[in-house]
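According to TrEMBL, the protein has these features:
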- C175: active site, glycyl thioester intermediate (ACT_SITE)
- 26-31, D50, 58-61, K74, 119-124: ATP binding site (BINDING)
- C160, C163, C452, C455: Zn(2+) binding site (BINDING)
- 205-217: compositional bias 'Acidic residues' (COMPBIAS)
- 11-452: domain 'THIF-type NAD/FAD binding fold' (DOMAIN)
- 181-284: domain 'Ubiquitin-activating enzyme SCCH' (DOMAIN)
- 463-548: domain 'Ubiquitin/SUMO-activating enzyme ubiquitin-like' (DOMAIN)
- 205-249: region 'Disordered' (REGION)
- 564-609: region 'Disordered' (REGION)
Amino acid sequence: MAAAIDGVLPATLQELVKKSKVLVVGAGGIGCEVLKNLVLSGFTDIEIIDLDTIDLSNLNRQFLFHREHVGKSKARVARESALSFNPDANITAYHDSVTSTDYGVNFFKKFDVVLSALDNRAARNHVNRMCLNADVPLIESGTSGYNGQVELIKRGLTQCYECTPKEKQRSFPGCTIRNTPSEPIHCIVWAKHLFNQLFGESVEDEDISPDAADPEAQEAAAEAKDTGSAGDAPEGLNEKESEPATANGNVVRINTRQWAKDCNYDAGKLFNKFFNEDINYLLRMSNLWKSRKAPVPVQWDTLLIDGAGSKGPELARQTHKIWTLEECAHVFANALKELSAAFLKLEGNDTLVWDKDDQPAMDFVAACANVRSHIFDIERKSRFEIKSMAGNIIPAIATTNAITAGISVLRAFSVLQAKWEQCKAVYARLRLNGRNQFLVPDAFFPAPNPNCYVCASDPAITLRIDTKRVQIKAFRDEVLIKTLNMVNPDVTVESTGSILISSEEGETECNEQKLLSDMNIVDGVILKCDDFFQSYELSIIISHFDAERDDVLFEVIADKNQLQPKDEKPVEPEAEPSSRKRAANGNDATDDGPSTSKRSRLTEVEDDDDDCLVVEDDDDVEEQVQESVEDTVAAATNKLTVDCPQKTATKRKPSKTLDDEDVEDITEILDSSDEEVGPTKCKRTKLEETRAGEVINID
C-alpha cells in the first residue's frame, strides 16, 4: 500500500492517510473504483454504504464484482474484494440506505472526509445536508458518458449541492428495463437495446431477455425449475437453444442475432418471441406480479393476418400520432425489412449504428417501445415524443468512472492536508480544450448562495400551490419529502404555533385527508418546517393560485436573486460573474430539485439557463451612444408623428481584457454515477446556446 512505503507520499500526508476515517457512499461504478483506490493508497479505516444489489449489467464496469456475485449486496461484496488488496484494512460495509435514520449527523461526524458516488438526487441531497450539519468535507463525483466531474462541498467555503437548481435526472436498473418497466422511457431503452441485439454493437449489459437473475424473481424461478417448467423458457432467452443436441448431449446455443438471421428476419416469429414468449416467461416469475399489474402477451396473428408492413411507410410519416397496436405491428414489419436488408449488405463484423435521424431505425424503436408499453399497460407515445426521449440516452463508460474516482481520491489527499485551493472542481472531457487539457480544473470556488434554501443562515422558499385542492398528506409526501428531500418533517404554522404535520406517528394523522385551505393554510401564511433527523429548518411562504384542470398543483419558486451570488445585480448591465450552475448528479425522476417544480423548468428562473459573464466594452458604449441618438431623434420628430425604428437586441461580446485561455466551455455533469446522467454545457464568457432536451441515464 502506498502509505505503507516511505517516500511514496509526503511524510505528513502518509500519517494523515493512516489515521483518517473515510466514508464512501455508493458502491457502483465510481464507488468500486474509489474503494479500490483508497485501499491501495493506504487508507485502513473505511466504511462503505449502499442499498443496491449486484445486477448482471453491472459487471462490465464494476470490477470488484463477478458473475457469482449477482444478486448479492454491493457494499458487502465490494468490501470482500477490496480486502484482497490489503487484508489488514478495516472496512465496514452497510447494506442499507444512507437516508435511514440510523445514519444521522452524529454518524457523519465520525469521518474526516466523505466521498459520494451516488446515482440518485434524493440521496445526494441528503448526504449534502448531513455533511453540512456535521461540518465534514464532502467530495461529490459523477459521470455521464465520457464526461466526469469531481467537486468539493465544504460549509462556508463552497456552494453546497443544493445551492443551484438541478435539471431532471433519470436512472434505471437493468432488471427494471428487462422485467418490470413502469414508464415509457423504460420501454424506449429496451427497444434501443433490442435494435443493438439484432443489428448493432451488442453488449451483455444491453440484453433484452427476461432477467432470471433478478433477486426479486429468483424464488419464483427456483420454483419453476423444481417443477420442470424452466425448460419452457422462450426461444432466445439470453441465448437461443436449438432443438437438436450434439452427440455428447449438450444443447447447441446460438445468440438472438444469429437466430433472427436463421429465421430470415421473419416479422411474425420475431414479434412473437419478444412480445409473447418472453412475456409468458416473465409471467412465470410470480413474485414480480404480487404487487404489480401483470403484463399481457400479444400474438402476431391477432394483429396482422395479411399485408404485414404494407402500411408501415405511411404510418411512419405520422410522427405526432400515437399509433394503435395494429399500426405498431405494420411499422415494426416494415422497419425490420429495411434494417435486415441493410444489415445483410454489411461485410465482416460491421454493424448498424442506431441514429434517431435514421428513418427505419427510429421507426423500429418507436414501434417496439409502444408494443411493449401496451403489454405493460404503460402510456404509449408518438414517434415524435419517442425520438426526443431516445436521442438523449447516454451509457456509462468504465474508463470515465476510473478517471473520476482517481481524481476523487487525489482531492481527498488535499482535504486531509487542508489545502483547499487545490480542491477546485475538475471536469473530465472526451476532447482536449484550447489548452490541450482533457482534465479541466475550475478557476475558482463558487461562493455559497446567500439565498440557498439549505445552507443559508435563514433558509426560506416560496411555494406556489393550490391550497383548495392539495391535501395535507400530499403536501407532506409530494412537496416536503419528494421535492424538498426531507425525511421526517415537522410543520407548524408560524402565526399560531399550531402543529400541521408531526413526525410522531399518529399525532396528526387526523389532518392527512384535509385540504390545506381547511386548515387555514392560505395565501401569505408562513409555515415552519423542521427535519430533526437532518438538522434542517426551512420557512415556506404559501402563495395560493387556482390551478386549471391540467395544471401542476404546486411549484417551488426561486427568486431570481437566489440563483446569483451576493455581488451580482441582475437589473444592471454591469454585472459581476453569475453563479455557475453546478451539476446535479442525481434520481429519480420525480424530483427536479427544490428550486424547480414538477414542470421541467420554471418561468421565474429561465434566465438562469444562460450561464454567462457580461462585460462592458466598447460595443456597450456604442450601444449607449446609439440609444442616446435615437432618443434625440425620436424627441425631435414627435411632431411629425414619425416613430423611431425599434432597436434590435444584440449579444454582447466578452471583454477583450480577458485572457483567451479563460474563454472556454465548462462541461458539467447533470447527474452522476455509474448509471450516469448527461452533461450540461455552460460558457462563462459567452451566451449559452439553447439547452438540449432532458438527458436520461440508464443502468
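Each residue, glycine too, has its Cβ placed from N, Cα and C.
Between the alpha carbons (Cα) of C455 (Zn(2+) binding site) and A122 (ATP binding site) lies a span of roughly 16 Å. Within 8 Å of the centroid defined by the CB atoms of C160, C163, C452, C455, the record's Zn(2+) site, lie the Cβ atoms of L132, Q159, Y161, E162, P448, N449, Y453, V454, A456, excluding the listed residues themselves.
Look at the Cβ of each of the recorded positions C160, C163, C175, C452, C455 and count the other Cβ atoms within 10 Å; the largest number goes with C163. Between C175 (active site, glycyl thioester intermediate) and N60 (ATP binding site), the C-alpha separation comes to 15 Å. C452 (Zn(2+) binding site) and A122 (ATP binding site) are 17 Å apart (CA-CA, integer value). Here the Cα atom of D119 (ATP binding site) is found 17 Å from that of C160 (Zn(2+) binding site). The binding-site residues shown are G26, G29, D50, N60; of these, the one with its CA atom nearest the CA of C160 (Zn(2+) binding site) is G26. Taking every protein chain shown into account, D50, D119 are the binding-site residues, and of these the Cβ with the most other Cβ atoms within 10 Å belongs to D119. Secondary structure of the domain 'Ubiquitin/SUMO-activating enzyme ubiquitin-like' (463-548) per DSSP, as helix, strand and coil residue counts: 18 helix, 28 strand, 40 coil. Note on the binding-site residues G26, G29, N60, A122: the fewest other CB atoms within 10 A surround the CB of N60. It is 25 Å from the Cα atom of D50 (ATP binding site) to that of C163 (Zn(2+) binding site). Separating the Cα atoms of G29 (ATP binding site) and C452 (Zn(2+) binding site) is a whole-number distance of 31 Å. Separation of the C-alpha atoms of C452 (Zn(2+) binding site) and G26 (ATP binding site): 26 Å, rounded to the nearest whole number.
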